[in-house]
Amino acid sequence: MKALYAQSGGVTSVINASAYGVLDEARKNGLEIYVGINGVTGILKEKFLDANDLDIEFLKYTPAGAFGSCRKKLKNDADVEKLFEIFRKNDIRYFFYNGGNDSMDTAWRLQLEAQKRGYELKVVGVPKTIDNDLPHTDHCPGFGSAAKYIAIAMMEAAFDLRSMYVDSTQVFVMEIMGRHAGWLAASAGLGWINGIGADVILLPEQPFNKDEFLGTVDRVISQKGYCAIAVAEGLKYPDGFFVSDMGFTDSFGNRQLGGVGFTIAGMVRSELGLKTHVAIPDYLQRSGRHIASATDVEEAEMCGRMAVRYALEDNYGVMVTMERVNDEPYQIRYSSVPLNLVAEQTKMLPKDFFDKYAVTDKFFKYALPLIKGEPYPPFRNGLPEYKLLNLK
């Protein structure tokens, strides 16, 4: 039986660990496994990689999407028809799609279409998103490593700020990914477990009040002389409008955001007269494999393996999930949820995980196990030794 794996959406530092899990488990179970280059975009062009004899050990240490990703929405019936022509031509009977909210929508649509057409295709979604906003799962592969990166970056930036604020920058602003949910921005507060972190965290779940925010910054400055701010890109005003709306959408209809860090810094500078500095980790936060979380890497691989196991057990049309069994010691179990319950849905940061501009003990209890451990990649010449595949 032939199986196809592909990556979709924004990449992470551990999506390739999931790829390793899928490919290794498929080969162990006698499936003939191929990879679609650049997600459904490449599949529509029949860009496949034969992974049956591919050396895949390097995948566990490789950042971003080793096989290329995409942000393509199946806009019309012609695309769907073409995909099924290709599936039939190549006798693809298993499809593992590794992605986030929009990718699960694509996976669900393909499963429905297969049923309508009477074509035997078993689709299983492998979760992935640094935003951690997929519902019906305790957390998502990719989040733990991105959260670790953000927490460390904010800690070190706060040390820099503390060193220089007397006659230089007084307010540091870090703009963090997170369109609708503030899981990743909240992680900027995790450093406080070791003594230093974000002083003010601005989340999409907390409507932005300019006067209240400026008053808080002013108080922090009066107390310690400097203020480190984390702001999620999806910060909203009380009326629901994004603070950083750029005025256009992507192919999935998502509003394109950017520049909220500079907007916030501008307010502080003009209203409080303080010197500011803005940093945007951008791609760095999602592909920082050099400081990934061991928990995240291990769970990403297992999500890939479980996807194959579920498909072989005739549990398909689902996404792999993780259920938390215990916090101390940390323990999870793997399960699944129908794709239609995940597609285009968003899990917000619970209200008891934050208090105005800070995270609560409940968030620390939730997030700290997810960032544990350092599975460093191999180094050569003082740098990570990452392998590049020829995808042409």
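A Cβ is built for glycine as well, from the same backbone N, Cα and C atoms used for every other residue.
Summarising the annotation, TrEMBL assigns active site, proton acceptor to D131. The local packing around D131 (active site, proton acceptor), expressed as other Cβ atoms within 10 Å of its Cβ over all shown chains, amounts to 26.
Look at TrEMBL and you will find G10 tagged as diphosphate binding site. Within its own chain, G10 (diphosphate binding site) has S69, R71, G100, T129, I130, R286 as residues 6 or more apart in sequence whose C-beta sits under 8 angstroms from its own.
Around N101 (Mg(2+) binding site), a 10 Å sphere centred on its CB holds 23 further CB atoms from the protein chains shown. Here TrEMBL flags N101 as Mg(2+) binding site.
Within 10 Å of the Cβ of T129 (substrate binding site) there are 28 other Cβ atoms, across all protein chains. Per TrEMBL, substrate binding site is recorded for T129, I130, D131, M177, G178, R179, E233, Y283, L284, Q285, R286.
According to TrEMBL, the domain 'Phosphofructokinase' annotation covers 5-308.
Taken from TrEMBL, the feature site 'Important for catalytic activity and substrate specificity' covers D102. In the shown protein chains, 22 other C-beta atoms lie within 10 A of the C-beta of D102 (site 'Important for catalytic activity and substrate specificity'). Reduced to three states, the DSSP call for D102 (site 'Important for catalytic activity and substrate specificity') is helix.
The site 'Important for catalytic activity' annotation in TrEMBL covers K128. Under the DSSP three-state reduction, K128 (site 'Important for catalytic activity') is assigned to coil, being neither helix nor strand.
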Candidates D102, G178, E233 (recorded positions) - the one closest to D131 (active site, proton acceptor) by CA: G178
G178 (substrate binding site): secondary structure state under DSSP, collapsed to three categories: coil
Rounded distance in angstrom between the Cα atoms of D102 (site 'Important for catalytic activity and substrate specificity') and K128 (site 'Important for catalytic activity'): 11
Maximum Cα-Cα separation in Å among residues T129, I130, D131, M177, G178, R179, E233, Y283, L284, Q285, R286, which the record lists as binding substrate: 17
Sparsest-packed of the listed recorded positions (K128, R286) - C-beta count within 10 angstroms: R286
